[in-house]
Amino acid sequence: MIYSIATICLSGTFRQKIEAIAKAGFRGVEIFESDLITHNGSVHEIRSMLDDHGLEVVTYQPFRDFEGLPSPYREKAFDRAERKFDLMEELGTDLLMVCSSVSPQALGGIQRAADDFHELGERAAKRNMRVAYEALGWGKYVYDYRDSWEIVRRANHKNVGLCLDTFHIFSRQTELDTMLNIPGDRIFLVQVADAPSLSMDHLSWSRHYRCFPGQGDLPIGQFVSNLHATGYDGPFSLEIFNDQFRAGSTEKTARDGYRSLVYANRAAEKSADTEALEIPSVNPPSEVQFIEFAVSDNEKLALTKLLSQLGFCHAATHKHKDVELWKQGNIHLVMNMEPDSFAQNFHQQHGVSVCAVGLTCTNVGDMVERAKKLEFSPVYGNLENDTHGIPAIYGPGQSLLYMVDDADQPPHWEREFKWHEDATQHAFLNKVDHVATTMSYEEMLHSVLLYRAMFSMKTMPTVSVSDPGGLVKSQALQTPDKGVSFTLNSTQASRTVSSRILDQYAGTGVNHIALSTKDIFATAEFMAKQQTETMPVTANYYDDLAARFTLSDEVIEKLKRYNILYDEDENGSFYQLYTSMFAGRFCFEIVQRNGYQGFGAANSQMRLTMQARELSS
């Protein structure tokens, strides 16, 4: 397959788009009509530009409102097609993509449309051209790929084939089994687009909310598996209409587009009888091994005071660097004050913040190779000063995601740190439950693709939560065994807690770290004795709890005493306790799960409301 992308997917001028597409690794490009029309240069100059960048024009598109027209509209449609063939010849492509008609003048009928396409095929053949027919999800008569295939089949012309678009297929919830009956050589073009699950009209959904494979909710893997089974070996192309993409970084979007095609093709390989792709399969990470903070000396004193109030101890100090390890249970929090380090460079840009997360992985060598294939370029830190040898990739906001080998012996903690044997170990908190990060929506799409493609994480349904300043979109991802979980938060509003955190960080940043306990009340009592500042909760909240759940008055009173939030799902109960915000940026969340599977979305409005008050005080 040749990986391709439509010019409409990207922001920028035509030249900027072509440069970014070639740099990202694509070999093919779909020239969208509006991009060609608005380019201030000749078609000959465009062709030279494409040749210089080693790009093949896989199709020129779209050609609209062609089939089913009565006279004189029918004759005019064929005249338009001939003019497009003229342009395509000069452009250097032989494929015209025709989308199903939405014209008010169009008449229905499979055979009528087939006759039109047979004649178009005859005209195309005389020009050494081909035609690919696509069923638009909102087409007047043809909006189902099964109908477009029947029209192509009846047209019975070697120069007329099918265009399959995943969005149009899935937006209509059309079954995929019919694909298996379509010969691969009758499919001329495949366009791949993902999208979030939304309830809205097909046109608006398509024009604003498409995204790259792996960023949405559509079952792209099954489509690609069926596609492989047909024997198709043509262009595998992206056609994405997305408001954020068309306003974001041209190069970054193009890179994400390319890796999304690699990921989509690889995700279907296990279930398809095709030649194995050269991307190693990997197991998802098993746990969050450490979280690293970039801090100044003064910030470290304040942050470690809070950690002490949560039961952490200063367990070890780096042998050669100004780095401390604070530990409780299986939670490792690193304070990095080392001058001229990645952490301190990160601190200069963002202030006190989480600059890295370490994930425990198996077969890290394969993980590194996978990162290279997906163009998540591995980094190893400063080779002169960093002795840990742990590979990493850039994560949200250019923080680092370290891949720590579970077979590493002795562990890097023992090699690099001097342990304090007299450190008092508490056992209230045992592991990292999840890490929540605030980011732009464009960064959220990039991060979802990263976590899914690199670490085989699964997305949970997106939720929108209410903040006093507007709505916040939240996307959770988990490994299959729930050993590692991330939540990503984004907002378009300018006065939400999330937007204020973005301002504080001057970009993406962690907004809370959830730590697990087996006894929320014992932990809360310890925190109270340590005079830990926790997020207050309104009395009305607890009155509502008593009405919603069958909790005893005694339990309600204990929840209220310690500012603990509560929720239930069909699997069990959930307790949440938040600290006050640290430096107006992040907080710690203490959670106890008794079978509960979610992240407390029902309590998010309370949390955001109280944090908004704190940030405004």
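Residue 1 is the first one shown; counting continues down the chain.
The backbone N, Cα and C atoms fix where each Cβ goes, glycine too.
Per TrEMBL, the candidate among D115, D165, D217 that belongs to the divalent metal cation site alongside E134, Q191, E239 is D165.
Just one of H434, H446 is listed by TrEMBL for the same Mg(2+) site as H512, E589, and that one is H434.
Averaged across the domain 'VOC' (287-406), pLDDT in this predicted model comes to 93. The two recorded residues H434 (Mg(2+) binding site) and Q191 (divalent metal cation binding site) have their Cα atoms spaced 35 Å from each other.
E589 (Mg(2+) binding site) sits 43 Å from D165 (divalent metal cation binding site), counting Cα to Cα. For the domain 'VOC' (287-406), the DSSP counts in helix, strand and coil order read 35 helix, 45 strand, 40 coil. In this view, Q191 (divalent metal cation binding site) is surrounded by 25 other Cβ atoms within 10 Å of its Cβ, with every protein chain counted. Counting in whole angstrom, E134 (divalent metal cation binding site) lies 46 from H512 (Mg(2+) binding site) by their C-alpha atoms. In this view, the densest Cβ surroundings among the binding-site residues E134, D165, E239, E589 belong to E239, judged by other Cβ atoms lying within 10 Å. Listed in sequence order, V435, A436, Y578, F586, C587, F588, E589 are the same-chain residues at least 6 apart in sequence whose CB falls under 8 Å from the CB of H512 (Mg(2+) binding site). DSSP gives E239 (divalent metal cation binding site) a coil state; it is part of no helix or strand.
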